[in-house]
Structures are given as C-alpha cells and as structure tokens.
Amino acid sequence: MVQHFDTLLVNIGQLLPMESKGPKRGKEMSELQLLEHAALGIRDGKVAFIGTMVEADTFTANQMIDCQGKLVTPGLVDPHTHLIFGGSREHEMALKQQGVPYLEILKNGGGILATVEATRAASEEELITKAICHLNRMLSYGVTTIEAKSGYGLDRETEWKQLRAAKAVGEQHPIDIVSTFLGAHAIPTSHRNDPDRFLDEMADMLGEIKEQNLAEFVDIFTETGVFTVEQSRTFLQKAKERGFGLKLHADEIDPLGGAELAGELGAISADHLVGASDQGIQKMAAAGTIACLLPGTTFYLGKDTYARARDMIDQGLAVTISTDFNPGSSPTENLQLIMSIAALRLKMTPEEIWHAVTVNGAHAIGRGDTAGQLAVGRAADVVVWDAKNYYYVPYHYGVNHVHSVWKKGEVVYERRRAFEGLSISR
C-alpha cells in the first residue's frame with residue numbers, strides 16, 4: 001500500500017526505536033531493538049511509519065531525507081539538571097587543583113553559596129536568557145527532553161523566581177522541560193542552626209507551587225551534613241500528600257539510607273547513589289524506583305569511587321544516567337560525554353547506555369508516554385547521528401556526533417560542516 005508522509009527518512013543504517021511499555025530493568029537493558037537498512041516516516045509531527053527500506057520502497061513524501069547509512073535514535077533525555085542559576089564558578093577549579101578544601105572555599109563565600117548569591121541577584125529575565133544558552137548546547141548534543149531543578153535560591157522569593165524562569169524557558173525553547181522543586185537543596189546560612197524551620201518554610205510553598213503548576217516533582221538532598229533521613233521523610237511525605245512525584249539526591253557520599261527511603265516512599269527516582277547500600281538497592285528494585293546515576297559529577301570532582309551500576313543492573317534496577325548539569329560539580333551540557341564515562345567507569349554496555357539516555361531517562365521524569373522512544377503515534381523527536389552504528393557514539397568520546405535533531409517532526413538543529421568541500425593539496 002502506498003503511503004505519503006510529510007518527511008521520510010530513508011537509507012538509515014541502524015534505527016533504534018527503543019519502544020517499551022515501561023522502563024527497562026536489569027537484564028532487559030541489554031535487549032536492544034535494532035532495525036537495519038531502515039526508514040522512518042513522519043506525518044503531522046508524529047512518527048507514522050517505522051520499518052525497512054524494502055517496506056518503504058513505494059512510499060512518497062513532501063521531503064525525502066537520505067540518511068546515507070547513518071544511525072537514527074530517539075531524542076535523548078537528560079533527567080537531572082540544575083538548569084536555572086546565576087553566575088559561574090570557574091575560579092574554583094584552580095583552587096581545588098591546589099588542594100584547597102571545599103569547606104574553605106565555602107567559608108570564603110564560594111561553593112554553592114556563591115551560586116545562591118548570584119541567583120538571588122539575577123533578574124528573572126537574566127536567568128531565562130542564560131538558561132536558553134545552556135539549552136541550545138544541550139539540543140546540539142541530541143537532547144530533546146530534560147528535567148530542571150530549582151534549589152539555588154534557598155529562600156521563598158528566589159525559588160519562585162527559578163520555577164517561573166524554568167516554565168518560561170520551556171514555553172520558548174524546543175526542548176521539553178519537566179520542573180522539580182528542590183528548595184531543600186542545602187541549609188542556608190540564615191537557618192544553619194535550625195534546618196527544621198527552613199524545611200517548614202519550603203514545605204509552606206508546596207500548595208501554591210501545585211496550584212500554579214510550577215513543578216511536577218519535589219526533591220531533597222539527603223546526605224551527611226545536609227538533611228537527615230527523618231527530615232527528608234517528613235518533608236517528602238508532605239509533598240506526596242500534595243500530589244507531587246518524589247525524587248531524592250541520595251547517598252552521594254555516605255550510605256545514609258537515602259536509597260532505602262526512596263524505595264519506602266515509592267520515589268520515581270533516587271539520584272547519585274555513589275554510597276548506596278545493598279539493602280538500599282534492593283528496596284529501590286522492589287519499589288520500582290529508577291536509579292539516576294551521575295558519573296560526570298564523580299569524574300569532575302576527581303573522585304575514584306563511582307556508583308555501582310553493575311550491581312544495580314544485576315539486581316534488577318532500571319538505571320538512567322544524566323549530566324547533573326550545574327555550575328559547581330558538573331558544568332557540562334554534553335550527555336554524549338556522560339555516555340562515554342558510563343562505559344568507561346560504570347562499566348555499562350552500549351545497549352544499557354542507550355536505554356539509560358532514552359526510555360529509562362523518560363520514565364525517571366514521568367515522560368515515558370511522550371519521550372525517549374520512536375513508535376507510531378508518538379512525537380517525532382529524532383536524532384540523526386554522524387555514526388554508522390550505536391557503538392560508535394560512546395566509543396569516540398569528547399566529540400559531538402549529532403548530524404541533526406528533529407523535534408515534533410521539524411529540524412531544530414543541524415550541525416554546520418565547516419570542512420565540507422575543503423580540498424587539501426599536497
């Protein structure tokens with residue numbers, strides 16, 4: 001039967017649909033769907049056909065795109081970012097290299113306090129403009145959906161400002177943004193001796209945030225020196241009662257019990273997990289909580305111990321990975337680089353990595369029905385890669401392999417070819 005499309009991508013070398021009814025868990029992460037010599041049809045911004053070139057032989061289209069044997073995948077999903085912030089902290093890199101402890105940097109007004117101060121000082125429009133620049137970079141690396149957290153305000157006024165900025169940016173930019181309220185990111189100096197009162201103040205914001213639809217999820221930093229398991233439980237239960245999905249920054253340094261709490265409360269994800277215990281991993285697996293691993297942060301901080309991705313996958317967890325884009329511990333928008341670090345340091349296979357940055361990332365932010373997959377009837381969020389196979393992207397690290405990015409069936413990014421047509425005489 002002859003079909004007609006708005007756009008037909010043909011001569012695809014490898015096509016990864018990543019179609020799944022739920023997140024891929026454990027051994028399922030190694031079971032990769034793969035079509036070779038494939039075609040993909042787009043109509044009205046949605047995927048209308050996925051199949052082989054033989055099947056597509058008689059199809060017509062308003063525009064026919066010859067992929068010339070390239071790899072095609074869903075748009076990538078970055079499920080943990082701190083997109084909205086003021087300032088930057090490049091001067092701290094040299095201090096860290098000189099062995100200056102973080103607490104000393106913090107004492108001198110650096111660290112997260114510097115970002116809090118800069119974010120408080122920035123106007124909402126300045127935050128929006130800055131965020132769009134970061135989103136443009138993310139888009140260029142093949143990312144079409146992200147999660148964005150507040151958390152650099154640590155006061156009512158600035159947290160509101162961050163949430164409003166995230167919503168405004170999402171309305172202006174092709175990348176879809178899922179917003180998370182992380183008011184409980186750290187203990188501000190004003191409440192150093194009374195963190196419970198600070199958490200009460202943040203909890204008082206929940207009702208209005210929900211009414212204004214400024215966030216879908218609530219997160220808290222459960223870690224030694226920040227918020228205890230009990231404080232986190234109380235705060236997250238209040239969020240759950242308001243109808244928010246739950247997330248945790250859990251056990252980044254110490255096995256405090258954040259992973260166990262995530263499983264207990266049925267959180268959609270627990271993130272970091274470098275110090276997660278065996279019991280915590282088991283509780284997360286039993287609850288269906290997704291492990292969001294952030295190896296770029298471990299890499300940037302120069303630490304040797306990474307999250308135990310292999311143990312998590314072997315125990316049946318769904319694992320995703322993310323940039324953790326932020327100005328202090330992971331200043332990168334490059335999710336492709338994180339894929340390489342996941343291969344080299346987390347010992348994840350290419351098949352596991354592709355599930356982590358597509359379908360599992362989407363489910364970790366409540367977008368399993370709209371992102372991270374290519375299936376008939378779904379939005380045509382597509383990446384065409386300058387690669388012949390899916391192994392190549394994590395293998396050739398530090399390089400942007402994106403040829404073009406499509407959002408809802410339209411090209412929103414295409415990499416310029418600076419050397420195309422250049423002849424070299426010998």
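Using N, Cα and C of the backbone, Cβ positions are placed for all residues, glycine too.
Here's what Swiss-Prot has on this protein:
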type	residues	note
BINDING	HIS80, HIS82, HIS249, ASP324	Zn(2+) binding site
BINDING	HIS80, HIS82, HIS249, ASP324	Fe(3+) binding site
BINDING	ARG89, TYR152, HIS185, GLU252, SER329	4-imidazolone-5-propanoate binding site
BINDING	TYR152, ASN326, GLY328	N-formimidoyl-L-glutamate binding site
DSSP state at ASN326 (N-formimidoyl-L-glutamate binding site), helix/strand/coil: strand
Distance [Cα-Cα, Å, rounded] between HIS185 (4-imidazolone-5-propanoate binding site) and ASP324 (Zn(2+) binding site): 14
Binding-site residues near GLY328 (N-formimidoyl-L-glutamate binding site), in sequence order, restricted to HIS80, TYR152, HIS249, GLU252 and a 10 Å Cα cut-off: none
For ARG89 (4-imidazolone-5-propanoate binding site), nearby residues of its own chain (Cβ under 8 Å, 6 or more apart in sequence): GLY110, GLY111, ALA114, THR115, PRO327, GLY328, PRO331
HIS80, HIS82, HIS249, ASP324 excluded, remaining Cβ within 8 Å of their centroid (Zn(2+)): THR81, LYS149, ASP271, HIS272, LEU294, THR297, SER322, PHE325, ASN326, SER330
Listed binding-site residues among HIS80, HIS82, HIS249, ASP324 whose Cα sits within 10 Å of TYR152 (4-imidazolone-5-propanoate binding site): HIS82
GLU252 (4-imidazolone-5-propanoate binding site), number of other Cβ atoms within 10 Å: 23
Nearest-integer angstrom distance between the alpha carbons (Cα) of ASP324 (Zn(2+) binding site) and GLU252 (4-imidazolone-5-propanoate binding site): 12
Candidate nearest HIS80 (Zn(2+) binding site) in space, where candidates are the binding-site residues GLU252, ASN326, SER329 and distance is Cα-Cα: ASN326
Sequence-distant neighbours of SER329 (4-imidazolone-5-propanoate binding site) in its chain (C-beta under 8 A, six or more apart): THR297, TYR300, LEU301
Cα separation, HIS82 (Zn(2+) binding site) to ASN326 (N-formimidoyl-L-glutamate binding site) (Å, whole number): 5
